[in-house]
């Protein structure tokens, strides 16, 4: 599954590699990889594969789940597809509370006392996922863990999830993506070294 998802992400250019002309993330980090999993929404076959893979992952890793929770905004559609497939209630979590109305940070199914799994599109440093986890915990949820489409495999993310004692699982990952890109001739051996060093040194 990890290899198939990595290939799909590369084929539809949801993930692009540029070892010699770095991208700039919104955080200011210079990176040889850019991931925009919102692109998957335009490809029903890829979208369904992600839905089915994450649904199976939730069942296998967490068993009995009460609510599927998406991170705003990119995790919301995938959470909706999964909750429909698993016939579960859904909610989503904003990065911060609204400044008007009821000032809700969480919209949808009530989380208090419920077993919740968070759906994210991408794990980079883990910051947005952990914001969602903490908001759900503050609302009284029992957060079982986080699932996502892809991870860069950054040590910072591992450290942050370990710190809050919440596991995360992804359908594919940076190492798998690099291997698929190598097999398809999209990157050279020198590029691979650049990509690995970037990840290990970040």
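Just so it is clear, glycine is given a Cβ too, placed from its N, Cα and C backbone atoms.
What Swiss-Prot records for 94, 98, 100, 120, 121, 122, 123, 124, 125, 126, 127, 128 is 5-phospho-alpha-D-ribose 1-diphosphate binding site. Its own atom aside, the Cβ of residue 124 (orotate binding site) has 23 Cβ atoms within 10 angstroms in the protein chains shown.
Per Swiss-Prot, orotate binding site is recorded for 124, and the stated evidence type is sequence analysis. In the three-state DSSP reading, residue 124 (orotate binding site) counts as coil.
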Note to self: Under 8 Å between C-beta atoms and at least six apart in sequence, can you list the same-chain neighbours of residue 125 (5-phospho-alpha-D-ribose 1-diphosphate binding site), or say none if there are none?
What the structure shows: 27, 154, 156, 157, 160
Note to self: Give me the long-range Cβ neighbours of residue 127 (5-phospho-alpha-D-ribose 1-diphosphate binding site): same chain, 6+ apart, Cβ under 8 Å, in sequence order.
What the structure shows: 160
